[in-house]
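Taking it in order: structure first as structure tokens, then the write-up.
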């Protein structure tokens, strides 16, 4: 019990909260539970340990990121700005 065809794991909420919310939860959780690329070894082996904590199962690298994604939009912007500043030097 707890799964449905349309909303997957968000089916655990049953008829509560409405379809839109349950679809959003299902979408976020499906991406969150996927394996992501490691920033150290570049393998698809990063799994979520806890809220904002991510660990690579191959190289053991542990790092912080977003609650649902290992890299947030803000992190991408900062990384791009740093890279650009280093190139200008």
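Placement of Cβ uses the backbone N, Cα and C atoms for every residue, glycine included.
Swiss-Prot tags one of the stretches 16-37, 38-59 as zinc finger, and that stretch is 38-59.
Counting only same-chain residues at least 6 apart in sequence, those with a Cβ under 8 Å from the Cβ of residue 41 (Zn(2+) binding site) are 56, 58, 59, 61.
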